Amino acid sequence: MPSQPGDEEEGGWMIGYLDVMTLLVALLVLIFTLSFAERRDEADSPSASVVEEPGPLSVPLPERLERVLAARPTQDPPPEGWLANGAVSAALGVAGLPPRPPSTQPPPMLARQALPRVAYSPTEPPPPSNWLATVSPQSLLPQPLVPEATALDLPSADFLLVLTDRPPEGMREVSPEAIAGAETLAERLANAPYMPDLEGVAVSRVSEGIRLRVEDQWLFPTAEAELTDDGEALVQRMVEIVQRHDGEVAVEGHTDSRTIDTEEFPSNWVLSSARAIAIVHALEEAGVDARRLRAVGLADTRPLADNDTAEGRARNRRVEVIIHAR
């Protein structure tokens, strides 16, 4: 049976496609074989295990800058956890405090051991691993040149300044009312009456002003109302205190509980009043305005101690001068 023209064309096309596929498969097998052989040769080579790592990147510097870096002595960086002097100075400036004066010796508690120094030169650059660390922005700034033999030991910081917007623990805000009260108290203390210090005189503040308390042994003989020489000298010193103020001056006489019955002093009332009047006369003669003075005799009505003992009775026999503050 004769073949049809269409069948011959279709059979020729199939033969051409099979040839192309055969060539492609052969090419893939050849490539795989060559790749496997190359890997086996690299594994058998003795220098195959040595891998050359590329060196770290370095920044080339001008020759003049390299000479400056070589002439400048190196400075050891502060150990981990320490503050550099520049950081401390910057913190002081931010806080508004004066800069810390330079010190030559570090504090004993913060002393550190000097780290080994490495000298660099233009002909022998530092190791590649430290090259980038050596060329820092701070090292490029102008710095004074000193001989290499000079040691520049940086003193360690002797304190730590922390800048924070959080107040320390235990602190609390003070109200404006409390501040105003403290200012008022300080003003009152500043304007308070002068507190003198006289031998034999107990000085204290009272609601009226100042009280000067003197035992009678410094002023009068026993059972008498005439001032002794020492008593007159003591009154003269009291005048300086009285003249510092313009208020009224009340002189109070006090006795113990033992009765007295003499022709001059028939009772403790008379004795205490006579002693108060004697002090008033002495103050008036010393220049104190008589209109400011008054004398009061209180006998034994206001004791300070028990009258059953000699010490208590001695404390109760006294004269008190009250200077009223206006």
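The backbone N, Cα and C atoms fix where each Cβ goes, glycine too.
Source: prediction; values computed, not measured.
What TrEMBL says about this protein:
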type	residues	note
TRANSMEM	12-37	transmembrane segment
DOMAIN	206-326	domain 'OmpA-like'
Chain residues in Cβ proximity to the transmembrane segment (12-37) (below 8 Å; excluding those fewer than six residues from its ends, i.e. six or more beyond):
none
Rounded mean pLDDT for the residues that make up the domain 'OmpA-like' (206-326):
90
